[in-house]
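The annotation compositional bias 'Basic residues' is assigned in TrEMBL to 1-11. According to TrEMBL, the compositional bias 'Acidic residues' annotation covers 45-55, 98-113. Annotated region 'Disordered' per TrEMBL: 1-76, 90-120, in sequence order. Annotated repeat 'WD' per TrEMBL: 160-201, 228-262, 263-304, in sequence order.
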Amino acid sequence: MKKSRAGKKRSLSGGGGKNRRTSTGVDPFFSSGTKKQRKLHDDIVDSSDSDDEAGEPPVHEGGEEESELAAETADEKRLRLAKEYVESFRALKKRREEEDEDEEEDGEGPDGYEDGRGPKGDLLVAEKLLQEQLEQSGRVRRVIASRVEKPDSDDGFRLIRRHRQSVTAVALSEDDAKGFSASKDGTIFHWDLSSGQSEKYLFPTKEVLISHGAKTPQNPSTSWSKHVLSLAVSSDGRYLATAGLDRHVHLWDTRTREHIRALPGHKGPISCLAFRHGTSELASGSFDRSINLWNADDRAYMETLLGHASEVLAIDCLRKERLLTVGRDRAMMLWKVPEQSHLIFRASASSLECCCFINNEEFLSGSDDGSIELWNFMRKKPVCIVKNAHSIPSSDDRVDSKENGIVCNGDKTANGNCTWSTCSKAQSWVGAVAVCRGSDLAASGAANGVVRLWSIESATKSIRPLYSLPLGGFVNSLAFAKSGHFLIAGVGQEPRLGRWGRVSDAQNGVFIQSLKLSEE
């Protein structure tokens, strides 16, 4: 059952009106002034990318060019961007042909066209675009799992960013060049994967938060907490959203690392966030059992989805206007936002803790009993269950981590050996699952000392184990690179949603695992 808290409902794709025109140069989201003043700039479109990187307003030269950009409609802009996208493929094709065919000194393509056009060139471009569209829609899946080579013993997880307290969430930008992480102490880092340099986001003062839209808390000791439980980055890399115990969704400008808006509306801690791919639409799940929808461009609340009987724990979203959520009511829900309906999937004997889309029709979940489940939207029960996916190591496996390279997740004695007195069933609790987008490669993490890689077999509707990657501590968040060449893990001494367990010798931080893929 879905209800709306707003007097006027708006669809997930609407947000800003039917004929709303977007701006890439003069962004009303980061400009000051009244709505009427910002509306004057909605039709101005800047085609320069350097201005966005510098974070400065563009300077238009020439009255004719400016008038043409101002008169450009939304449809004309989409057509222009599509043509630029196709031309980029043609340019790439031409460069490859010039490298492979040194004998063509005149620079012409095989079709007799200097710019790579022609029947054969256009056919290759069309095939590339069709392949990308099929992969994004989930109708074609990239085969990556079978190409993952077994990692060497000395090629394990590597620490790239240390945190003072347990890391609760990690995320990667669309180009996999930058990453974001947050922890229980309220620190938010933005780090570069190539250089290793990191930058910190600083929360503004209470006065600034109130001026940015934050509501004055009734219980300041709890509501002003900087404890972050989740974060998400938009597909275009402009917005970073964070949320936690203060019951607000915070929007940040990733170019300047400045806080730009606080979105109130939830009555409980916010446990999960997800941007819809390709848009600025944001969904947030809370302990108040509700899911709120927002539009980051408009800094506006859209509507509320109700249906869970207990706290919402995890959320995921792809390009379609669909949401996937799990709650403590042992239910996973697939929300069809335009149809204003949802499907309910229930686990048999366990409580679901995390979830993610594989494609628009399949999804993966992790449970508190150490199992992971494969689901299909046509069935209300899992099509495949891997029990004891993160079971506690047996007595034969409980040896010194220095001897076999395994990162111990128990306490250590004076001689350095592991004691497993603190190990319990809670450490097999699956706290994170992730899928490499558009592929058959998946990963899951718990607190039993390993991150496991899996192959999703759609033909047989099964989950096949690949490799176990040693990593100590509670794995609270996982994120794959789009290429599948590395995996990011957010690890802490404590679980993400609570303090019911502790691995005292684990390191709080962000770890990276390189994955070697064989050639197709």
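Yeah, the Cβs are placed from backbone N, Cα and C, and that goes for glycine too.
Using a Cβ-Cβ cut-off under 8 Å and counting only residues 6 or more beyond its ends in the same chain, the repeat 'WD' (228-262) has close neighbours at 27, 29-30, 52-53, 55, 168-169, 171-175, 178, 180-184, 186, 188, 190, 199-204, 208-209, 212-215, 217, 222, 268-275, 277-280, 282, 284, 286, 292, 294, 296, 299, 496-497.
Tertiary proximity for the repeat 'WD' (160-201) is limited to same-chain residues at least six positions away from its ends with a CB under 8 Å from its CB atoms, namely 225-233, 235-237, 240, 242, 244, 252, 254, 257, 259, 474, 476-483, 486, 488-496, 507-512. DSSP assignment over the repeat 'WD' (160-201) gives 0 helix, 24 strand, 18 coil. DSSP assignment over the repeat 'WD' (228-262) gives 0 helix, 22 strand, 13 coil.
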